[in-house]
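Student: Input: one structure, supplied below.
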Amino acid sequence: MIAKLKGLVDSVAEDHAVIDVGGVGYLVFCPARVLTRLPSPGQAVALVVETQVREDHISLFGFLETAERDWFRLLSTVQGVGSKVALSVLSVLSAGQISQAIAAGDKAALGRAPGVGPKLAARIASELKDKAVALGGMPAPPPRGAGTDAAGEGPPGGPTGDVLGDAVSALVNLGYGRSEAVGAASRAAGLGATTVQGVIGLALRDLGRGGA
């Protein structure tokens, strides 16, 4: 099984690249986000590779980051998601954005990928939610009032569910996607923000830098 290719970019097409490794050209299917980041032909490149062996052919799928390869594998485990759809998702969302979208249940973000309809987006979000959190996605904020004690106070040192929920709602109203709003608000809370204004302020700064 081929797990990595290190060589020279020979050519780049719409859905694949040919990598020259010691005079042998390997055709590697890649997400569009990867293809646009490859160096010019003749330049060195290293790709993390997933090898799929079928009865009549062997296919190589290449990625610049291990996290991209890991998400390709996970997406491919969902019924209705083949290699083509998995590449489609990774073409419109980075590995981090996929984690955030699934952890937040943001089916609209997943549905931006060609071939992913509402039902398939819901299935992906449902089946991979736990894995998304494990891979760095931030879970959606708890429902309003959740996680508070009898006095209505949140856990020491952190914002209440009401605060996170209100901050996320405000960010969404400003035009940000729910998944990126959840991620930015959660990171703001991790930096010590405990009020709606504090969370929004840090989150907007985070979003202005393009997120984590």
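One-based numbering along the chain as shown.
Glycine is treated like the rest: Cβ placed from N, Cα and C.
Per Swiss-Prot, the features are:
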type	residues	note
REGION	1-64	region 'Domain I'
REGION	65-143	region 'Domain II'
REGION	136-161	region 'Disordered'
REGION	144-158	region 'Flexible linker'
REGION	159-212	region 'Domain III'
Student: Can you give the mean pLDDT for the region 'Domain I' (1-64), rounded to a whole number?
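Tutor: In the predicted model, the region 'Domain I' (1-64) has a mean pLDDT of 95.
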Student: How do the residues of the region 'Domain II' (65-143) split into helix, strand and coil according to DSSP?
Tutor: 50 helix, 0 strand, 29 coil
